[in-house]
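Reading through the structure tokens given below for one structure.
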Amino acid sequence: MGSAPKSLNSLLFFFSNHLILDYRRIWHFSFHSSNTYYLRSVATNSCTRVREYGESPKQLLKYVRDQCRTGTFKNLDAALGLFDRMVRMHPLPSVVSFNQLLTSIARAKHHSTVITLVKQIDLLEIADLHTLNILVNCFCHLNRVDFGFSVFAKILKLGFQPNSVSISTLVKGLCLQGKIAEAVNLADEMGEKGYKPDGFTYSTIINAMCKVGETDLAINSLRKMEDANFVLDAASYNTIICSLCKDGLLTEALKLFSTMTGKGIQPDHFTYNPLIQGLCNFGHWKEAAKLVTEMEERNIMPNVHSFNILVAALLKEGKMTEAKEAFDMMTKKGIGPDVVTHNSFIDCYCQQNKMDEAVETFNMMVRRGCSPNVISYSTLINGYCKSKRIAEAINLFHEMLDKGMIPNVVTYNTLIGGFCRVGRPLAALELLHKMQACGEHPILQTYAILLDGLFKKRRKKRHFVEAMALFREMVHKKLDIDIVIYNILIDAMCDAGKLVTAKEFFCSLSTKGLQPNAHTYNIMFKGLCKEGLINEACELLEKMDGNGCLPDNFSYNTIIQGLLKHGETSRAVKYIEIMVDKGFSANAKTTTMVINLLCANKVDKAIREWFEKLL
């Protein structure tokens, strides 16, 4: 062991009062973890399995190395059986062999188990810096970076010199807990004390900054790395380029890309794919296609994700021919289109109501050996539901179930909406109950679709009883009912002539912490005008403006139509003038009503001249 350098004396002093207590606490933590176990019982259960690698220590250790290198442990018990054999060997194997096994178990995310195993190694007094770094890593993954610092203090006390892995692991632990400022401070402080973080350390910080939307800070950290002459690779830039593209800062992303390539750093898929996606998001699919070509020129073969981005963008722009060309190019280059590729085509055909083509694409995918997923089925079901071909949608739904697929909330919402669209809301309600019985929880959108379907008048019948029972269920479950649900309720009451109930719902919104939106007001305008309560509608329009919710085209047209219907032409003219001043225009119904009044000579000369001028 080396001795701690003088530059770390201050750190040792800081930790000195916490070393014994904290280091004991970490073992206390491991024994109270949900993943603790009794090691000897594992060894007993696995004694028949360990004979496959022979009895000699040399064979055992070679087997451990091979298993760790290939990651082919059958399960955790098999790894623990090997560990138990190793700790009972005389002489003990090198700590390197133990570290290999610990690393392999940690990679399988059995972090609590590794902590318990390190305690065994600690008692054997063979732990080295690598062992303790593994321990720090496990605590950090368990969101106990505080214990990670205790282990770091132990590293210093034992005279080990922390390496870049020690620092990077703690930095990553802080970042995982969202303590990015502390991570930066730690990296800077360790650098000042002679332990400069490496590029991986700062890349970890950059990644954390980008995840929380602090892209500017990430760029500053990158500049700091450049100034410190760190050896940068594509990964250092890729994270920021991806973040800039997600933020819609495409110009900045392309500039950083130019800087990166100008420094001779070779880009990879993780560089190009976000740029291709960013260009496609802005509709620049031609430029995106050029990037795909540029990838090939740099001997970077575009992968399926690269093409999927391009295909989806082309289909969104309605460029079916070009999308098919990209699809053919994929297959020629030996890149097999995956389920995402096929789903993009299926969705496009369904949007265009070309269900035969959508089904053919689905079948072609199956013939190619590509298994459809829940999205594939949900998309086709949605297409059938929009076309009111509910029987085919139901057949597909049953096919999903027969294949062992679990429909998600989108699948259920789609089919519930399909039933409502063809006037079968009670079948939709039954499907909701089946959905709940299968353990899938409906979301607000599910309830909104179903409520709207139950309230809709179909064949002179509404299902008010069932709809209100469903609403009471939502209240009973204490769901966070939003304005969309209340808009459906208020609209249903107005449409059924239950204006008093509609008003009660409307007036209760503020007590529920909800703010009426333009659609809410428009529903009330329509309901009030329908009942001839024009003055109330006009008063509500004034309140709407005063409450910071601006009237829209529908608001003014509804009020004007109500006034014209009840013969209040002069007031209608006033609101038409206001509407025009606000930049809105009369819709077809308002225009028809005005023309009918003019033709019937039911307005005086001054108003007639005004209307004729307006028209």
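Glycine too: its Cβ is placed from the backbone N, Cα and C atoms.
For 128-162, 163-197, 198-232, 233-267, 268-302, 303-337, 338-372, 373-407, 408-442, 482-516, 517-551, 552-586, the entry in TrEMBL reads repeat 'PPR'.
Residues 199, 202-203, 206-207, 210, 213, 215, 218-219, 222, 225, 274-275, 277-279, 281-282, 298, 300 of the same chain lie 6 or more positions beyond the ends of the repeat 'PPR' (233-267) yet place their CB under 8 Å from a CB of it. Averaged across the repeat 'PPR' (303-337), pLDDT for the predicted model comes to 92. Packing against the repeat 'PPR' (408-442) from elsewhere in the chain are residues 374, 377-378, 381-382, 384-386, 388, 390, 393-394, 397, 400, 449-450, 452-454, 456, 458-459, 463, 466, 470: each is 6 or more residues past its ends and has a CB under 8 Å from a CB in it. Residue counts of the repeat 'PPR' (128-162) by helix, strand and coil are 26 helix, 0 strand, 9 coil (DSSP-based). Note on the repeat 'PPR' (373-407): DSSP counts are 26 helix, 0 strand, 9 coil. Look at the repeat 'PPR' (517-551): DSSP puts its residues at 26 helix, 0 strand, 9 coil.
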